[in-house]
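Q: Supplied in structure tokens, the structure appears directly below.
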Amino acid sequence: MERAPKPGRDVPPKKDKPQAKRKKPRRYWEEDTAPTTARASPGPPRNKKRNQELRPQRPKTTHNLKKSRISKKPQVPKKLRKRKNPEPQRSLSGAQDPFPGPAPVPVEVVQKFCRIDKSKKLPHSKSKTRNRLQVAEAEEKETSVKAALSELLLAEEPGFLEGEDGEDTAKILQADIVEAVDIASAAKHFDLNLRQFGPYRLNYSRTGRHLAFGGRRGHVAALDWVTKRLMCEINVMEAVRDIRFLHSEPLLAVAQNRWLHIYDNQGIELHCIRRCDRVTRLEFLPFHFLLATASETGFLTYLDVSVGKIVAALNARAGRLDVMTQNPYNAVIHLGHSNGTVSLWSPAMKEPLAKILCHRGGVRAVAVDSTGTYMATSGLDHQLKIFDLRGTFQPMSARTLPQGAGHLAFSQRGLLVAGMGDVVNIWAGQGKAGPPSLAQPYLTHRLSGPVHGLQFCPFEDVLGVGHSGGITSMLVPGAAEPNFDGLESNPYRSRKQRQEWEVKALLEKVPAELICLDPRALAEVDVISLEQEKKERIERLGYDPEAKTPFQPKPKQKGRSSTASRVKRKRKVMDEEHRDKVRQSLEQQQQHKQKKAKPSGAWPSALDRFVR
């Protein structure tokens with residue numbers, strides 16, 4: 001029998017199988033450093049042959065360098081190679097775009113939405129400030145381009161009234177206009193016969209949807225004039241001198257014979273403000289929540305309706321105040337006086353911001369357009385003047401009227417209306433940017449009684465006139481802006497939207513102290529105050545903390561930081577600074593000489609020898 005060989009004699013013993021190296025566990029923050037093979041691939045095991053067929057084999061390298069866990073260089077994706085002849089971009093249907101690229105935007109339309117004045121730049125601005133300004137300008141440019149592109153969605157266009165060849169538009173009657181327009185526009189022309197309680201003062205809400213009017217004999221009413229739905233109607237049993245909507249249509253301010261009263265849209269009296277007595281005129285500043293009142297005693301009072309406190313009570317020292325209007329651009333109050341002057345007031349100042357001598361007699365009416373550029377005044381001298389409010393306060397045009405205008409008003413697109421007795425004249429200009437032309441009236445209408453109040457309806461080509469016979473609603477084509485901002489003044493908003501808008505408006509309320517002639521000055525830097533604060537800080541500390549520190553050379557390697565080399569480097573820096581100062585002074589001297597130099601071609605004078 002054959003025996004199995006014992007290990008250690010004839011047959012060598014079997015070698016133990018080499019133990020596979022234990023794989024080091026990989027953390028989630030570590031990169032996968034092992035080469036991608038079938039054995040080292042993460043996830044469940046797959047078939048070896050299938051992996052070899054699907055994945056291409058990488059050539060084995062003899063020298064595998066270990067990668068560091070944290071790569072020193074950032075991984076940048078490789079740039080795609082540009083094709084020599086790129087194919088035009090096609091849509092899903094395969095059709096080629098005939099107008100590739102972004103839509104072109106006219107430069108004039110973009111400039112209309114620009115708000116940053118790039119002509120004024122801060123001198124010697126720091127790099128950080130300069131970068132912030134560049135980012136703000138880039139954002140403002142992008143926003144203006146988007147606004148210009150979205151203007152295509154505004155489908156409504158302003159109306160106009162154009163006569164035939166040689167026809168005067170002032171001879172066109174309201175009945176002819178009503179026959180020519182559609183049914184919805186024709187319903188906006190109506191007459192309210194209220195002779196028993198007249199004459200009337202009226203006011204439209206900011207959205208242009210509601211109308212409030214008050215008669216001299218105590219009749220107060222508010223209604224939705226589009227649908228003719230009456231909101232409230234009361235008789236206060238006292239003379240009503242003026243009436244105004246507050247920030248929204250549910251609140252109404254009425255200047256009665258004795259005190260100022262606040263009512264809601266149901267006719268319920270909410271407040272009686274006795275500190276505002278003998279009020280003749282009312283104006284509401286919507287962005288400041290201020291109700292301005294002018295009284296017989298000569299006081300101009302500002303009432304904050306959001307907190308119910310009087311912000312300022314200013315004595316105009318000009319007698320009875322019965323001519324008042326506001327500038328919608330900067331919220332400055334304009335007061336007309338019996339000595340022919342118009343004074344401009346702000347609650348932050350106890351003295352008028354400016355005084356303009358407008359007429360030789362007393363001022364009867366004042367109106368300011370929506371851009372705050374032009375002011376129209378009429379006086380007892382039968383003069384109608386238009387002034388430029390952009391710093392010069394000089395009259396631009398004037399016209400003598402056969403009968404002095406007692407009431408003036410501007411529309412949203414720059415039309416000017418004047419009430420002279422029982423006649424209403426309207427002048428039109430070259431759009432919203434230019435002043436109205438007083439050469440020839442645009443429209444003329446005769447009423448059943450003398451005019452007592454005028455106002456254009458916002459976002460509607462309608463003029464509301466209050467007279468001794470009641471209320472008249474006239475159609476004036478091209479008077480209002482055709483498109484409204486749905487987030488600011490939406491005539492179709494619901495109660496919930498109005499409440500949300502009211503909360504946002506209160507959060508964005510502008511303080512009364514910021515009312516000034518030029519609101520753009522609030523965004524500028526007050527250089528004089530900064531210099532004064534800097535001087536006071538230097539005097540308090542005894543040194544200038546922002547002064548440039550003298551140059552101190554950094555220590556270098558051994559043997560190169562000797563005293564002589566450090567002094568040499570200091571002197572080199574000082575020489576460079578001195579050269580820069582000398583170069584700047586020479587440039588300033590050359591500019592000064594060029595300014596003083598005579599124009600070329602001038603004849604020499606005998607006095608030139610004394611010129612140094």
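Every residue, even glycine, has its Cβ placed from backbone N, Cα and C.
Note that this is a predicted model, so its numbers are computed, not measured.
The following feature annotations were taken from TrEMBL:
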COMPBIAS  1-19  compositional bias 'Basic and acidic residues'
REGION    1-104  region 'Disordered'
COMPBIAS  57-84  compositional bias 'Basic residues'
REPEAT    356-390  repeat 'WD'
DOMAIN    441-519  domain 'BING4 C-terminal'
REGION    539-612  region 'Disordered'
COMPBIAS  573-584  compositional bias 'Basic and acidic residues'
Q: In the compositional bias 'Basic and acidic residues' (573-584), how many residues does DSSP assign to helix, to strand and to coil?
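A: DSSP composition of the compositional bias 'Basic and acidic residues' (573-584): 12 helix, 0 strand, 0 coil.
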Q: What are the DSSP helix, strand and coil residue counts for the domain 'BING4 C-terminal' (441-519)?
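A: So the domain 'BING4 C-terminal' (441-519) is made up of 17 helix, 22 strand, 40 coil.
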Q: If you average the pLDDT over the repeat 'WD' (356-390), what number do you get?
A: 94
